[in-house]
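**Q** Copying in the features that TrEMBL gives for the protein in this structure:
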- A:3-181: domain 'Electron transfer flavoprotein alpha/beta-subunit N-terminal' (DOMAIN)
- A:Arg201, A:227-228, A:241-245, A:258-265, A:Asn279: FAD binding site (BINDING)
Amino acid sequence: MAALVIADHDGAHLRDTTHKTVTAALALSSDVDVLVYGEGVKTVAEAASKIAGVRKVLVAESADLKQDIAEDVAALITGLAVNYDAVAIPASASGKNFAPRIAAALDVSLLSDVIEVVDGSTFVRPIYAGNALETVQTSEAKKVLTVRTTAFKAAAEGGSASVETVTAPATKAGTRFISEEKVTSDRPELGAAKIIVSGGRALGSKEEFDAVIDPLADKLGAAVGASRAAVDAGYAPNDYQVGQTGKVVAPELYIAVGISGAIQHLAGMKDSKVIVAINKDPEAPIFSVADYGLVADYKTAIPDLMKALG
Amino acid sequence: MKILVPVKRVLDYNVKVRVKSDQSGVDLANVKMSMNPFDEIAVEEATRLKEKGVATEIVAVSIGPAQAKDTIITALTIGADRGILIQTDQDVEPLAVAKLLKAVAETEKPDLIIMGKQAIDGDNNATGQMLSTLLDWPQATFASKVVVENGEAQVTREVDGGLQTLGVKLPAVITTDLRLNEPRYASLPNIMKAKKKPLETKTVADYGVDVTPRLKVLKVTEPPKRSAGKKLADAAELVANLKSAGVL
Ligand SMILES: Cc1cc2nc3c(=O)[nH]c(=O)nc-3n(C[C@H](O)[C@H](O)[C@H](O)COP(=O)(O)OP(=O)(O)OC[C@H]3O[C@@H](n4cnc5c(N)ncnc54)[C@H](O)[C@@H]3O)c2cc1C
Ligand SMILES: Cc1cc2nc3c(=O)[nH]c(=O)nc-3n(C[C@H](O)[C@H](O)[C@H](O)COP(=O)(O)OP(=O)(O)OC[C@H]3O[C@@H](n4cnc5c(N)ncnc54)[C@H](O)[C@@H]3O)c2cc1C
């Protein structure tokens with residue numbers, strides 16, 4: 001039984017969500033290969049070849065793959081899947097976009113957001129915003145899974161896998177790439193950050209959000225997150241949304257500022273190691289999951305915190 | 001232009017989820033059920049396209065128990081013209097839902113299918129992508145803006161790191177994200193009108209699709225609980241605690 005892991009990267013750097021997906025795949029199979037797709041991704045492929053436990057790295061390059069068009073990516077992976085019993089994909093927005101296509105093309109179920117591999121055919125996944133955990137068993141010959149990477153440890157470095165080029169199938173005409181608007185920031189990515197400072201509706205405006213949350217994040221070397229209410233109101237970009245329908249994070253330290261703690265928000269951060277809540281309402285549900293709470297107005301609490309941090 | 005909108009009946013997002021003590025699933029007896037919020041956004045978007053004169057007909061389809069009729073009526077209240085209920089008491093997995101929707105699309109021949117990116121119960125985020133694959137129509141998921149012109153939908157998508165805009169040739173499948181629109185409230189006259197709109201009931205057998213579950217649910221359990229920690233007096237005490245916890 002062999003498994004194929006799809007690498008997660010930004011074109012230049014391999015994300016450690018790849019290492020975590022390798023860990024999930026190694027629980028299924030001792031023969032784990034990694035596919036890196038994109039354009040100009042040789043350095044990413046080299047990084048993948050150094051993950052301990054990886055047998056072989058496959059590299060597929062084309063301009064269309066760089067745009068991450070689901071149809072093209074899924075066609076490539078579905079073709080490669082003949083050689084594998086399992087395909088494991090990090091559950092990023094990109095992975096969620098193409099993974100179900102591979103399952104449908106192979107006529108198998110998608111095992112989405114897997115948080116535990118019990119054995120080769122049994123998996124645990126959260127449902128209902130993480131308020132219930134479902135243990136499912138499949139008898140299907142091929143397994144296609146997306147992996148909730150916060151639930152797995154990163155595979156170590158120290159491998160020396162071979163790197164092989166594969167050709168991508170011809171692309172389809174139905175989809176046209178028009179444009180892209182990426183948020184650039186010098187801060188760590190939400191998925192990789194050890195500390196996250198998240199702001200909620202309480203901040204009241206984009207200016208206030210930037211003036212309060214950003215300096216604290218910079219002081220701590222943290223990534224910035226937000227509640228849906230803050231994103232909907234335009235205080236923060238969509239990519240910052242933490243929660244059931246945004247990003248799922250599990251940093252060492254999560255600081256929620258002016259966030260009430262709706263179940264949809266908790267679903268995205270309750271596995272953080274240490275949670276701090278700063279909220280002026282002592283009854284806010286966020287306190288029910290917080291290790292440390294400050295019942296305070298952020299307008300005084302954050303400047304005080306900046307001072308206390310020195 | 002005709003738009004098909006699949007709508008799912010789910011546990012209302014405000015209801016506290018209770019796992020059954022026999023670990024067989026989540027307790028859905030006597031709790032409020034509603035339309036999946038992402039599907040409401042999908043119906044709203046279709047309705048706006050109709051109001052702009054881009055779409056001419058909106059068909060809502062749901063797969064579920066008899067009560068899923070209410071979900072369809074909600075869609076008819078927002079602005080769908082007619083409904084199809086494929087009635088079944090079985091739990092239908094995303095791949096089987098996609099196969100049924102494909103069969104519906106083959107008879108209804110819509111130009112566009114707009115559906116939710118994710119149902120808030122199963123949380124699979126899979127059905128739209130599967131349907132697009134089975135129909136061999138282009139997909140544009142996680143839409144936060146949709147413009148339809150010249151036989152193409154230009155869709156702005158919420159992706160890792162920001163936004164991406166794709167042009168997809170119709171017919172196509174679009175899945176909605178939270179920021180696509182804010183669904184309207186149901187007005188009483190519209191509720192009255194909705195009850196008079198056509199609603200057909202079909203069976204799974206009418207479409208010849210095998211919906212036998214592929215996955216066996218061994219158990220459904222509660223996640224580990226996190227307990228509330230301590231409330232601290234001030235920022236200095238917070239920093240001291242974080243330092244001793246080793247996270248600063
Ligand atoms: C289908 C669906 C999916 C969703 N997905 C997500 C998701 O992925 N992520 C997500 O976050 N939400 C999601 N939501 C929304 C969620 O239900 C809540 O509406 C949202 O999380 C609320 O954001 P908030 O906590 O910032 O705002 P609020 O609930 O308004 O909370 C603001 C808090 O700030 C406090 N406050 C106000 N002023 C101050 C002050 N001066 N100082 C300190 N504290 C102050 C208040 O006491 C309050 O607790 C989803 C909802 C639905 C229906
Ligand atoms: C053994 C088993 C046990 C289950 N137990 C439960 C349970 O306890 N409670 C429960 O609620 N569900 C249960 N289900 C159903 C399951 O959780 C999902 O509802 C189903 O797999 C569809 O996945 P999803 O809704 O997450 O799809 P997603 O891919 O997240 O849905 C995306 C979109 O697809 C469309 N869609 C999905 N389903 C339908 C539908 N039926 N009709 C119309 N449009 C639809 C909607 O537009 C939706 O927004 C069970 C399933 C199985 C196989």
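Cβ coordinates come from backbone N, Cα and C, glycine included.
Please treat TrEMBL annotations as automatic predictions, because they have not gone through curation.
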**Q** When C-beta separations to chain B are restricted to under 8 angstroms, which of the binding-site residues A:Arg201, A:Gln244, A:Ile259, A:Ala262, A:His265 qualify?
**A** A:Gln244
**Q** Rank the binding-site residues A:Gln241, A:Gln244 by how many other Cβ atoms lie within 10 Å of each Cβ and give me the one with the fewest.
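**A** Relative to the other binding-site residues in A:Gln241, A:Gln244, A:Gln244 has the fewest Cβ atoms within 10 Å.
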**Q** Would you mind pulling the DSSP three-state label for A:Gln244 (FAD binding site)?
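**A** DSSP call for A:Gln244 (FAD binding site): coil, neither helix nor strand.
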**Q** I want to verify one value. Collapsing DSSP to three states, which class is A:His265 (FAD binding site)?
**A** helix
**Q** For A:Ile259 (FAD binding site), what is the tally of other C-beta atoms lying within 10 angstroms of its C-beta?
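**A** I get 30 for this one.
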**Q** Based on DSSP, name the secondary structure state of A:Ile259 (FAD binding site): helix, strand or coil.
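**A** Its secondary structure by DSSP: coil.
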**Q** Between A:Arg201, A:His265, which of the binding-site residues has the fewest other CB atoms within 10 angstroms in the structure shown?
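**A** With the binding-site residues A:Arg201, A:His265, fewest surrounding Cβ atoms within 10 Å: A:Arg201.
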**Q** Under DSSP, is A:Arg201 (FAD binding site) part of a helix or a strand, or is it coil?
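**A** Helix, per DSSP.
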